[in-house]
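Below is one structure, written out as structure tokens, with a few remarks after it.
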Amino acid sequence: MNTVKVAVIGAGVIGLSTAVCLAEALPYCSVKILAEKFSPDTTSDGAAGILMPKVFPDIPVERQRRWFKETFAHLQSIVESPEAPEAGVYLSSGYHIFKEVPTDPNPYWTDFVFGFRTMTVHEMKRFPKHNFGQAFTTIKCECSRYLPWLEKRFRKAGGQIKCEKVTDLQQLIPHYDVIVNCSGLGSHHLVGDEGVYPVRGQILKVHATWLKNFIRDGDGKTYIYPGIDHVTLGGTRQKDDWRLEVDKGDSEGIMERCSQLEPSLQKAQVLEEWVGLRPGRRNLCVEREWLQAQDHQVLLVHNYGHGGCGISLSWGSALDVVGLVRKSLHEKPLRAKL
Ligand SMILES: Cc1cc2nc3c(=O)[nH]c(=O)nc-3n(C[C@H](O)[C@H](O)[C@H](O)COP(=O)(O)OP(=O)(O)OC[C@H]3O[C@@H](n4cnc5c(N)ncnc54)[C@H](O)[C@@H]3O)c2cc1C
Ligand SMILES: O=C(O)CCC(=O)C(=O)O
């Protein structure tokens, strides 16, 4: 087979995971990443990186289960390997607490994390304003380390990287056989998807080495995630808010709410305030379509709209892209005349 030229747009956790999966699984493809921003300047870089996805309303739960299962298994294999510190991937245990029992206390992902259980009355005494809680161990994947690690793995598989903002997919058509869109929030403009919107997230990175367990309050607007170099305190979920500037009021609110759950945070030194825009979408988009060229068609595969759970579903959705590319090339061989 001739070499299939693939362009992956985006170098966040979704673009890099997808590019690695394609380059390693399809040796007849030459894969190039085109991205405007790279680590440490992507949204993925600032995310806490905890594996705990939300449920998308219109995607069959079996598909979401597979995305999470594959991501968890991939990252677990890194946790259990000597690569773990360089990749920034490790196990993290803690509590998810609620004021009321949630409507679905056992979402699909609870089958895969370790030791998932309801908190005891004794444990709940620490949180007098909450009436229900769950304790478990999941994986935390810090993208400030994981993205450079993925980039290295991608280059090792023969992948190429170019810093470029793509403004028009049509301009890529003469140069590539397959285009994979992993541009996250960028898809709002790049493919004109008005269903993609920003969900602004502000966090604080604090020095609090004594904290070892995560605490997340029901709706995910208050959380404490201990990490390698700092503890992440969150957060905000402001829909349709494009502001990338730090909001001092948000920072104060985050510190106040987190300190109510963990009073020792009043002694923590704030290292950094950070804002990222989650690529919100009602449903994650992992789909394919064909773009018309002069005498042939070019495959366009989308992988964007992961909202607040891009790291949690990254490897699984990337493997779906591999499946779609493989299937499509089989159905419609390269440069087949129409
Ligand atoms: C505060 C916060 C905390 C979070 N915590 C977690 C968590 O604990 N767990 C979890 O699973 N998720 C978390 N998330 C969500 C997670 O960060 C996102 O789902 C994820 O980063 C999306 O990855 P992405 O690769 O699609 O987007 P990005 O990381 O934004 O990457 C997009 C890439 O596309 C490129 N791009 C865009 N447009 C173009 C263009 N036109 N041309 C070229 N390149 C382009 C960008 O330059 C970039 O390289 C959090 C998010 C925030 C904001
Ligand atoms: O939701 C969480 O608790 C983890 C952080 C996150 O995913 C987010 O802020 O989007």
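Every residue gets a Cβ built from N, Cα and C, even glycine.
Any TrEMBL annotation is an automated prediction that lacks curation.
TrEMBL annotates TYR223, GLY308 as D-dopa-binding residues; of ARG200, ARG278, ARG281, ARG282, the candidate listed for that same site is ARG278.
Packing around THR43 (FAD binding site) is summarised by its Cβ count: 22 other Cβ atoms lie within 10 angstroms of its Cβ, all protein chains included. Cα to Cα, VAL166 (FAD binding site) and ARG278 (D-dopa binding site) are separated by 20 Å. Other residues of the chain with a Cβ within 8 Å of the Cβ centroid of TYR223, ARG278, GLY308, the D-dopa site, are ALA47, ALA48, VAL199, GLY201, GLY220, GLY234, GLY235, ARG237, GLY307, CYS309.
Under 6 Å, Cβ to nearest atom of ligand 2: this is the test, and of the binding-site residues THR43, SER44, VAL166, TYR223, GLY308 it is passed by TYR223, GLY308.
In this structure, THR43, SER44, ARG278, GLY308 are the binding-site residues from THR43, SER44, TYR223, ARG278, GLY308 whose C-beta falls under 6 Å of some atom of ligand 1.
Over the domain 'FAD dependent oxidoreductase' (5-319) the predicted model carries a mean pLDDT of 97.
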